[in-house]
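Take a look at the structure set out below.
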Amino acid sequence: MELTINGITQQLEVRTVGDVIAHFGLEGKPVVVEADGEIVDRERWGEAELRQGMKLELVHFVGGG
Amino acid sequence: MKTDVLRIGGRELQSRFFLGTGLFPNPYVQQEAIRASGAEVLTFAIRRINLEAPEDDSILQYLEPGAFHFLPNTSGARTADEAVRIARLARASNLSDWVKVEISANERTLLPDPVETLRATEILVKEGFTVLPYTSDDPILCKRLEEAGAAAVMPGAAPIGTGLGLLNPYNLGLIVEEANVPVIVDAGLGSAADALQAMELGAAGVLMNNPVAKAKDPARMAQAMRLAIEAGRLSYLAGRVPKKRYASASSAPEGHLLP
């Protein structure tokens with residue numbers, strides 16, 4: 001399905017947030033996911049189903065002051 | 001000597017040095033500087049993962065788990081709503097419920113937007129965050145932030161990354177006098193002398209990034225800052241002598257051998 005992830009629109013063979021995490025090899029990493037402006041808790045990644053055209057943000061901690 | 005701990009949001013800190021984690025030349029130098037600083041609180045930013053190279057910028061992989069308390073910032077936010085969104089993302093990491101509200105409306109100065117900063121603080125306090133707003137060095141605004149429930153207030157010494165030092169020591173003195181929460185001087189410091197001055201004026205702590213990370217020798221500068229912060233704190237607690245216009249002898253005049 002078509003998803004916009006971190007601002008880039010792309011076609012991915014995925015069904016859930018967990019699939020997206022696996023696709024990018026981010027399992028076990030301190031990642032936070034926002035789907036259409038709503039935070040998806042880590043415990044729900046496996047069951048959180050995606051819809052065509054959704055906007056995902058995958059964020060983490062980086063250096064900053 | 002009596003113990004002198006800093007209490008913020010139910011936490012007891014031995015170190016009054018809050019260290020930013022941006023701008024270091026590499027993770028090795030950063031580690032060295034963090035160690036030399038003695039800092040217990042480290043600040044971070046929240047950013048998109050680079051999906052082309054997700055390994056590249058995960059800073060946490062270099063830090064000993066549990067050794068530090070994390071203070072994520074809301075840098076990049078221009079409004080209260082954007083800051084609240086970033087704060088929620090930061091908390092969802094389960095790494096910290098502290099947040100440094102940082103809302104800049106002007107790209108040239110990066111000075112904090114006072115109205116949006118107060119609004120974000122109000123919202124985030126209601127949502128249960130431990131809120132440390134980076135703010136203008138305005139005594140009334142700092143009071144308003146405290147009344148809104150800020151766990152500490154963090155007035156800037158000068159615009160972020162300028163290294164200009166404490167531009168308005170008078171205001172900082174007033175803020176400290178009035179405050180019932182810790183005052184952490186954040187942003188704009190350049191050298192150990194600046195950190196010491198802030199602490200002598202009664203700041204409860206100092207938050208720095210650029211002056212350490214961009215020093216020629218970051219670890220050595222981190223140590224210098226640590227010592228300056230400790231010296232400034234001791235000087236503040238000890239109470240300095242009043243300034244006088246004319247000399248007063250240190251050696252007793254009685255018993256002078258010359259006529």
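Cβ coordinates are placed from backbone N, Cα and C, and glycine is handled just like the others.
Note that TrEMBL annotation is computational and uncurated.
Predicted, not measured: the structure shown is a model, and the values here were computed from it.
Copied over from TrEMBL:
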| type | residues | note |
| --- | --- | --- |
| ACT_SITE | B:Lys100 | active site, schiff-base intermediate with DXP |
| BINDING | B:Gly161, B:Ala187, B:Gly188 | 1-deoxy-D-xylulose 5-phosphate binding site |
| DOMAIN | B:8-251 | domain 'Thiazole synthase ThiG' |
Average pLDDT across the domain 'Thiazole synthase ThiG' (B:8-251), rounded to a whole number: 95
If the 1-deoxy-D-xylulose 5-phosphate site is taken as the center of the Cβ atoms of B:Gly161, B:Ala187, B:Gly188, which further residues of that chain fall within 8 Å of it by their Cβ? B:Leu110, B:Gly156, B:Ala157, B:Ala158, B:Pro159, B:Ile160, B:Thr162, B:Gly163, B:Leu164, B:Asp186, B:Leu189, B:Asn210
Under 8 Å between C-beta atoms and at least six apart in sequence, can you list the same-chain neighbours of B:Gly161 (1-deoxy-D-xylulose 5-phosphate binding site), or say none if there are none? B:Leu110, B:Ala187, B:Gly188, B:Asn210
Using DSSP with the three-state reduction, classify B:Lys100 (active site, schiff-base intermediate with DXP) as helix, strand or coil. strand
Does DSSP give B:Ala187 (1-deoxy-D-xylulose 5-phosphate binding site) helix, strand or coil? coil
CB contacts under 8 angstroms to the residue listed as 'active site, schiff-base intermediate with DXP', restricted to the same chain and 6+ apart in sequence, sorted by sequence, are B:Thr43, B:Leu71, B:Pro72, B:Asn73, B:Thr74, B:Leu132, B:Pro133, B:Tyr134, B:Met154, B:Asp186, B:Leu207
If you draw a 10 Å sphere on the Cβ of B:Gly188 (1-deoxy-D-xylulose 5-phosphate binding site), how many other Cβ atoms land inside? 24
